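Participant: Below, the features straight out of TrEMBL:
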- 5-121: domain 'PGG' (DOMAIN)
- 12-31: transmembrane segment (TRANSMEM)
- 64-87: transmembrane segment (TRANSMEM)
- 99-121: transmembrane segment (TRANSMEM)
- 127-151: transmembrane segment (TRANSMEM)
Amino acid sequence: MMDRENIMQAAQIHLVVATLIMTVTFTAGFTSPGGFDNDIDSTNKGMAILLRRSAFRAFVVTDAIAFTSSAVAVFTYFAMAASVISVTELPVVMRLYKFATFLQLVAMSAVVIAFVTGMYATLAHSVGLAVTVCVIGCISFVMCLWVTYVLGSKA
């Protein structure tokens, strides 16, 4: 069983990870895969070039999910550390920690999917390479499940 101090130490590390994911997903949202239409005469000037591709749309949605999940996790960890929310009782701290950790896992999963879909959208003309990148990206889910199983069985 974890005490309040151990939870707060773990939350500090999670806060750094959540902030990094939030920063990366924010940047990815503005540096769109495939770039933007910069033709002066185009009615689509400034729009994402790959906007009509399903893989690009999946990238945008998963990037937004990762950003939002990380942002809420950051806020939750910050609230825990700043004691804005009355977190004097261990059950309250544990609930906040578990909620933020769940959001962090959602964000990490969404980042992997955003990476895979963004790469697929930009590599669509090279199907073999695009599929290879997708397979490599999906291996991370298998690895995460394996690590969770191994760590869970030792607890």
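The backbone N, Cα and C atoms fix where each Cβ goes, glycine too.
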Participant: Please give the sequence-distant neighbours of the transmembrane segment (99-121): residues at least 6 beyond its ends with Cβ less than 8 Å from one of its Cβ atoms.
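Facilitator: For the transmembrane segment (99-121), the far contacts come to 11, 14, 17-18, 21-22, 24-25, 28, 33-34, 50, 53, 55-56, 58-59, 62-63, 65-67, 69-70, 72-73, 76-77, 80, 130, 133-134, 137-138, 140-141.
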Participant: Mean pLDDT for the domain 'PGG' (5-121), as a whole number?
Facilitator: 83
Participant: Count the residues of the domain 'PGG' (5-121) that DSSP assigns to helix (H, G, I), to strand (E, B) and to coil, and report the three numbers in that order.
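Facilitator: Secondary-structure composition of the domain 'PGG' (5-121): 87 helix, 2 strand, 28 coil.
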